[in-house]
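As written in Swiss-Prot, here are the features:
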TRANSMEM  12-32  transmembrane segment
TRANSMEM  41-61  transmembrane segment
TRANSMEM  85-105  transmembrane segment
TRANSMEM  132-152  transmembrane segment
TRANSMEM  160-180  transmembrane segment
TRANSMEM  211-231  transmembrane segment
TRANSMEM  242-262  transmembrane segment
TRANSMEM  296-316  transmembrane segment
TRANSMEM  341-361  transmembrane segment
TRANSMEM  367-387  transmembrane segment
TRANSMEM  418-438  transmembrane segment
TRANSMEM  461-481  transmembrane segment
Amino acid sequence: MISNGSKSGKNLGAIALAGMVISSMIGGGIFSLPQNMAASAGVGAIILAWILTGVGMFFIANTFKILSLVRPDLTTGIYMYSREGFGPYIGFTIGWGYWLCQIFGNVGYAVMTMDALNYFFPPYFQGGNTLPAILGGSILIWVFNFIVLKGIRQASFINIIGTVGKLVPLIVFIIITAFLFKLAIFKTDFWGDTVTKTQPLLGSMTSQLKSTMLVTLWAFIGIEGAVVMSARAKSPSAVGKATILGFTGCLTVYILLSILPFGSLFQHQLAGIANPSTAGVLDILVGKWGEILMNVGLLIAVLSSWLSWTMIVAEIPYSAAKNGTFPEIFAIENAHRSPKVSLYVTSALMQIAMLLVYFSTDAWNTMLSITGVMVLPAYFASAAFLVKFSKNKKYPNKGPIKAFTAKITGLLGAVYSIWLIYAGGLKYLLMAIILLALGIPFYIDAGKKGRNAKTFFAKKEVTEITIIAFLALLAIFLFSTEKIRL
């Protein structure tokens, strides 16, 4: 029997939700940002890349903010926006892809956590895929599972502490690099077009921008954190505030971390530092204590992000099951109103994926790249739904956001989402379609048993399922004949 709980469960305010957004966006990768950005670009190109990415992601962030205000009834937005705008099967497919993406993403956090521990306990956890690392990661999967089972509010409080814990080392890094900043060093080869014995030619501005934007476009995955948890928010306005606050805060930190080191070290020096490069930079600038601080920060960051995504990832199948597009069993809650079955199934799948890490690192890395692409259609569907709803007579034009503003925001958000999908790569997109097609049997099962059985399998749904199945078969053919290679 599905429990409705005795309380509403709406207990997450703007601060808790903003912590969710920041924690889900700022993971372990940020501690490698100085080297990642400097690897193939000068500081001028890096600044432009962040401006372009920031503008594009602003429209996606604002899409989520507007939708949370004009359609507060659509909680768990990523899934519900797609379902409301384009029907049950599209909603299911977006939710299914997002769920798979975050399952593998969480296992990625397990690998990064163990690899970060290797700094303190070498060589037992090297690479995050040794036997001790797999055992340690497996234990943490279930620790986080039981933390979230105790209640979303308690887990979000722990997450706020973790978010503060990982921001402190980053702020220290920013303060130190700002204090030691020298304009003369910063201006040296600003556009990356000077060749010296130590400084190779970095290429055209276009090539520099492309290489850096492949880094920046992934930096904002997680911006939807507050929207996904909106069913547990105190108010719709808290969701919008948290999304914009999280976006602005993260963008500021990203820019400062990427640019300030160029005032102390030259591009070729930054490009040659081993990751996590924030640790290497501080080791050069202030000594060993700086390196240790950054590695501690990395460990806290990964654990905090992992907890955030554990809360988020279980919410999608739980919400979809309540609407009849996932098997009904996923809607079962415990006494703390946590999505019990959804959490256990998600954690079990993560556990299986941990074994894949141990037996085949190459296969794991490929799977991580594929599932990373699967989150992007959710952004496009949300932006497209905003455009569609802005044309609807039910749009609240007397509210704070006019229909024209909503339409432009959605259009620009959709355009940027298409760019993200393109930048992700065709081969990974095709593999993602195969994984999306694997969800079809679950959708059919939900349609036969769910509360909305009468509305399932209309001509529109049959057509959509047929298209996805055809594209999946085409992708299998292209890979099997090596027309396209991973």
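A Cβ is built for glycine as well, from the same backbone N, Cα and C atoms used for every other residue.
Each of 41-61, 132-152, 211-231, 367-387 was scored by its Cβ pairs under 8 Å to the transmembrane segment (12-32), and the highest score goes to 211-231. Counted over residue pairs 6 or more apart, the CB atoms of the transmembrane segment (211-231) and the transmembrane segment (367-387) come under 8 Å in at least three pairs, which marks the two as touching. Within the chain carrying the transmembrane segment (85-105), a Cβ under 8 angstroms from the stretch's Cβ atoms is held by residues 78-79, 309, 312-313, 316-317, 319-320, 323-326, 346, 349-350, 353, 367-368, 371-372, 374-375, 377-378, 381, 384-385, 388-389, 432, 435-436, 439, 442-443, 446-447, 452, 455-456, 460-461, 464-465, 468, all 6 or more beyond its ends. Simply put, out of 132-152, 242-262, 296-316, 341-361, 418-438, 296-316 has the most Cβ pairs sitting under 8 Å from the transmembrane segment (160-180). Among the stretches 132-152, 242-262, 341-361, 461-481, the one making the largest number of Cβ pairs under 8 Å with the transmembrane segment (418-438) is 461-481. Proximity of distant same-chain residues to the transmembrane segment (132-152), defined by a Cβ-Cβ separation under 8 Å and at least 6 residues beyond the stretch ends, is recorded for 9, 11-12, 106-107, 110-111, 113-115, 117-118, 124-126, 158, 229, 232, 303, 306-307, 310-311, 314, 334, 336-338, 340, 343-344, 346-347, 350-351, 354-355, 357-358. Same-chain residues lying 6 or more positions outside the transmembrane segment (296-316) and placing a CB less than 8 Å from one of its CB atoms are 20, 23-24, 26-28, 30-31, 76, 78-79, 95, 98-99, 102-103, 105-106, 109-110, 112-113, 116-117, 140, 144-145, 147-148, 152, 155-156, 158-159, 162-163, 165-166, 168-170, 222, 225, 228-229, 231, 276, 278-279, 338-339, 342-343, 346. Same-chain residues lying 6 or more positions outside the transmembrane segment (367-387) and placing a CB less than 8 Å from one of its CB atoms are 59-60, 63-64, 66-67, 77-78, 81-82, 84-86, 90, 94, 97-98, 100-105, 108, 218, 221, 224, 353, 356, 406-407, 409-411, 413-414, 417-418, 420-421, 424-425, 428-429, 431-432, 435-436.
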